[in-house]
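Comments concern the structure below.
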Amino acid sequence: MLDVNLFDELRIGLATADDIRRWSHGEVKKPETINYRTLKPEKDGLFCERIFGPTRDWECACGKYKRVRYKGIVCERCGVEVTKSKVRRERMGHIELAAPVTHIWYFKGVPSRLGYLLDLAPKDLEKIIYFAANIITSVDEEARHTDQETLEADIFMEKKEVEADRDEELAERQQKLEEDLKELESNGAKADAKRKVQNAAEREMRHIRERAEREIDRLDEIWNTFIKLAPKQMIVDETIYSELVDRYEDYFTGGMGAEAIQTLIKNFDLEAEAEKLSEVIRDGKGQKQVRALKRLRVVAAFLRSGNDPAAMVLDAIPVIPPELRPMVQLDGGRFATSDLNDLYRRVINRNNRLKRMIDLGAPEIIVNNEKRMLQESVDALFDNGRRGRPVTGPGNRPLKSLSDLLKGKQGRFRQNLLGKRVDYSGRSVIIVGPQLKLHQCGLPKLMALELFKPFVMKRLVEKSYAQNIRSAKRMVERQRPEVWDVLEEAIAEHPVMLNRAPTLHRLGIQAFEPVLVEGKAIQLHPLACEAFNADFDGDQMAVHLPLSAEAQAEARVLMLASNNILSPASGKPLAMPRLDMVTGLYFLTLEKSEDQLGGEGAYHEADENGPKRGTYSSFAEALMARDRGVLGLQAPIEVRISHLRPPEDIEAELFPDGWQRGQKWTAHTTLGRIMFNELLPWNYPFVNGVMAKKAQAVIINDLAARYPMITVAQTVDKMKDAGFYWATRSCVTISMDDVLVLPNKEEILQRYEKQAATIEKKLARGKINNEERYRSLVDLWKECTDFVGESVEKIYPDDNPIPMIVKSGAAGNMRQIWTLAGMKGMVTNSRGDYITRPIKTSFREGLSVLEYFNNSHGSRKGLADTALRTADSGYLTRRLVDVAQDVIVREDDCGTRKGLEVDVAKPVLDAEGNETGEFTRAEFLETALIGRYLAKDAVNDNGDVIYERGAFVGDAEAKKMVAEGVRTATVRTVMMCETATGVCATCYGRSMATGQKVDIGEAVGIVAAQSIGEPGTQLTMRTFHQGGVGGDITGGLPRVQELFEARVPKNQAPIASTEGTIKLEDDGNFYTLTITPDNGEDEVVYEKLSKRQGLAVTQEPGGFEHQLRTGDHVVTGQPLLRGAPDPHEVLRVEGVTGVQKHLIEQVQKVYRDQGVAIHDKHIEIIVRQMLRRLTVVDSGSTELLPGSLIDRNEARAINKAVATNGGEGAAFRQEIMGITKASLATESWLSAASFQETTRVLTDAAINKRSDKLIGLKENVIIGKLIPAGTGISRYRNISVEPTEEARAQAFSMNTSYGDGFYGEDGAYGEFTGAAVRLDDQGFDGGFGDIS
């Protein structure tokens, strides 16, 4: 087998017949497969052992040679080589065809490569190949010219003869007529009879004239056809062709079928054709030039690649190894076989029949029919169903051809090469494991024993529990008691990987240290649920075992759950307390002035009744008071603390030089809050407040920024334990009695009912139209719902469990409480329009039948939407991954000085709208600025340089930039990165998952695709209605797809191509809009702007909005109508930077509307890939073809090289490609073929003899190589670790001191190094005396 590590690129080309014969181990001559009695392969058949190798290891077919000692011998009796049966997976055969056939991919593909090469229309080509027309392959122009006069004279003579014959026949007929008339006259016949005879004679004479005329016309046609005869001329009329052959076969050759095509290709001069086409492209125009360009692409591909175009017509076809198209016996003696065997059988049958016919000298028409059938059977083998009806098997099922084996989800690429099943894995239901640490998971004993079986067996032998592996295996299978002890040792420090499908982002697989548990369910840490999106309602998870030391190290260092606390999409913590844990911590940190457990221990100021109470000298004393039942958990107290760091304000006041552990300070807090702070690192500033979910998130975010991951992991683990502990003790439960109903709800409803009746009356009287009624009712009932809801909120006491759950942030929101206790309110129908009758009851009261029916509309729509969304979102993720899979961090810094301008601070305005001199953060600072490097100095209004170019901007730096008044900053971005392949670490900035600068080798493209695709399911599917004005506005997932596919949006909005003042004119259903540019250039006129779509809205300085009107000022790129601009138009008007900003803003808008945080850099990576390609406009001195696509970096390199040699560089136009198109246009043919349109990609790659440089991830996965990312990157491959002196000393330090005479004093053998010492060097000869 070929070692994948021995080559760096993979090339695909066209195989010629000689190549096919060279690969082959013999010709398959018979259609038989195996003998039905002996079940042995038939000789020369599709499973022949002589061709493909023996079916049994080291045994020939006849049994003369058996055993490995005869290895390599070819049996003289049966001709089978003695070798391993595995060769039946590798050895190919071939079928010698009796007539050439064309390869269907090159003829039927779009565009038809054969058609472009030979300049024939695909329809004509089809007629020739399938024997419906003849084609002229060559003409002897010279001989024809020489003999033209003679031949013309011959034709002239022939015509004369035809005319003479005609005249003779007419004369005879005339004579006969006269005689007949005479006879009739003599017999006294009537005039009627004479007329009949006369008419009949005239009719006959007319036929004679017409026949002669036809004959002369035919001769003229034959002659004219012959005179104009040229190669590649098609003759459909069979009779004319046979006449031409009969008369002039010495002057031309022609034919039909693939044979004629083969002759044409062999006579084809590629270089001359390329020159001719280049001339047409230079001088031509319009359609002619376009076609010449397309043809030149195919001709140039053959010229450049050195492929032989004749290879598109096959004289022999390969037969793939039999093990790849197996035949297996079923119970009952029947056989199941691969479809390919049927298809090969058809080819062989027809081929043999054709050979026999040719040998017998059968008539041409029969032979041609058989050749056509052979061509069709080879077509079916290569790509069944591509032309005509597919060949079907039993049950009318189309047979799977070679192309079908590669295509689609079940094809070779996606099913077997990109997605393999792996050994050492198991799956089971998951349950919660609250007792686990974050880096642990509970593994059922039986599953662990099965997974670690080999490790356990090895240890059993090592520990002498078993003599050999076989007995160890028996012990394991019988589950002897010692097996469990050994299993404990085997799993120690050996991480396992847990995966939950669907794996939407990289945190869908994480590593954990296994802990053995009883039962059969896997136990999962509660904090890991968020990342896996797991819950415990029957979800299943898969366990995988990393085997090699490297795999274990990577699992532990990179994938361990405690190292993956932050989300790679936004940098926010994912391992966060949720649900019950949040409630518990919220309950713990509440403050109640009078606590349930008695308030004597609570803090009271000194008053006339006595001194102040509730002050404690330490946390321990306060705890003791609680244990005695004097102090409540949530009662306010004053306490002196020395083991926890004070809040920042107190520290600044009391300890200007910084607080040291042990220094005392006084806190006004509650016991619960001190307990909460005990969970945090001791040197984290004391947090004195109620810990709702958002506050907890802020703390964990801060911890992640300040402390190592291990500390954060330990802290969240403690928070988890405390959360569950106090949630249990908080007694938060929900019962029907906790849902309080509004006492005066009926009155409120009656008030609004009256207003609704008034609106209905207005409609009946014609004061308002239907549209206005709808809007008024919707607004009215929404107001009613809100009023009822807010009233409900007020009647709930603080200690009611329902608002407590909501306020803590554990689950739900206030609207759900309104629905429970107030009223459900407005619901939508399946079209998304509101039903104007609201649901007036709450779930506590129960819905009426009609209300329930109305409610079910929208709910059902929601469920259907979710199902559709999941599939759509998955497909979007797949396309994103495909387009970005080769974006890997390749170097530290590309050195570019370009960057993207982002807003940092905006001025604070006073009541009059003037700047106050203070600044506040720009709106999207987190996702745009933080985590990047500066491309230019950050300067404020005074010109002070706050941070220099190259500085990193984290949270603290961003804060300072805002405070100093830096309005905008130019940051490094992947879109401007100049790294040849992939991106550089400086342009990418901080890895969101680690908070550090991204490592070289990080597959940032995949992370970006997952970050955008993973929240895809949360996006809505809906189109927003704009009440008829702007039609529908696409939102949610469809909008994201529209943007990433660079589609022209529905209801496209034209954009201003220049800056200036507008003038509007009304033209009935349309507007005409004229822009007068500020720079004095010609006016720009936009005609036929739809009124239905509506004019765009513009903002006035005061923040008010209005529709565009005459006199308004517009800037370049501003939309003129409602709707979304076309990205291609934005690129044309605003250039690359404009379209980059447009795409990022628009995608972010959709995600922000759903409350999803994604850093801009992820979207930028996808946008970079969309703008990677340029179109060649003018080739200059380069070899490039106008109209061809080229990678931006490659274009830069080519122009640089040409300029060095003094040539003229090519001119390019920037293209924006949708992600699907961009994936298919990738340099890697393996990656493109495994994505979509497999046959088209492979056809194109083969003609161009494409070479895949194996740069991306997919192509390396496909060929089974380590991916060039992470630890698989070349620079990390051959690292050898040299221990430092300190490490060596640490590893081998030994503190034991023997100090006895036998071993000598310490130091007698020098410093201890851990190296073995030869005893005879030390004077020992092994004579230790008699030890017995």
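Numbering starts at 1 and runs along the chain as displayed.
Using the three backbone atoms N, Cα and C, a Cβ is placed for every residue, glycine included.
If you look up Swiss-Prot, you'll see C60, C62, C75, C78 marked as Zn(2+) 1 binding site, on the strength of sequence analysis. The Mg(2+) binding site feature in Swiss-Prot is assigned to D535, D537, D539; the stated evidence is sequence analysis. Sequence annotations record features per position, and here Swiss-Prot assigns Zn(2+) 2 binding site to C894, C977, C984, C987 based on sequence analysis.
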* Among the binding-site residues listed here, D535, D537, D539, which has the most company in the form of other Cβ atoms within 10 Å of its Cβ? -> D539
* Quick one: of the binding-site residues D535, D539, C987, which has its CA closest to the CA of C78 (Zn(2+) 1 binding site)? => D539
* For the Zn(2+) 1 site built from C60, C62, C75, C78, further residues of that chain with CB within 8 A of the site's CB center -> E49, A61, G63, K64, Y65, E76, R77, G79, V80
* Asked: If you measure C62 (Zn(2+) 1 binding site) to C894 (Zn(2+) 2 binding site) at Cα, how many Å is it?
  -> 67
* Per DSSP, three-state class assigned to C984 (Zn(2+) 2 binding site) -> strand
* Taking Cα atoms as reference points, which of the binding-site residues C60, C75, C894, C977, C987 is nearest to D539 (Mg(2+) binding site)? -> C987
* **Rounded Cα-Cα span from D535 (Mg(2+) binding site) to C987 (Zn(2+) 2 binding site), Å** => 38
* Quick one: of the binding-site residues C60, C75, C894, C977, which has its CA closest to the CA of D537 (Mg(2+) binding site)? => C977
* Residue with minimal Cβ packing [other Cβ atoms within 10 Å] among the binding-site residues C62, C977, C984, C987 -> C62
* **Which of C60, C75, C78, C894, all binding-site residues, has a Cβ with the fewest other Cβ atoms inside 10 Å** => C78
* Spatially closest candidate among D535, C894, C977, C984, the listed binding-site residues, to C75 (Zn(2+) 1 binding site) (Cα to Cα) -> C984
* To do: Consider the binding-site residues C60, C894, C977, C984 and say which one has the Cα lying nearest the Cα of D535 (Mg(2+) binding site).
  => C984
* Asked: Which one is it: of the binding-site residues C894, C977, C984, whose Cα lies the shortest distance from the Cα of C60 (Zn(2+) 1 binding site)?
  -> C984
* Helix, strand or coil: which one is D535 (Mg(2+) binding site) in, per DSSP? -> coil
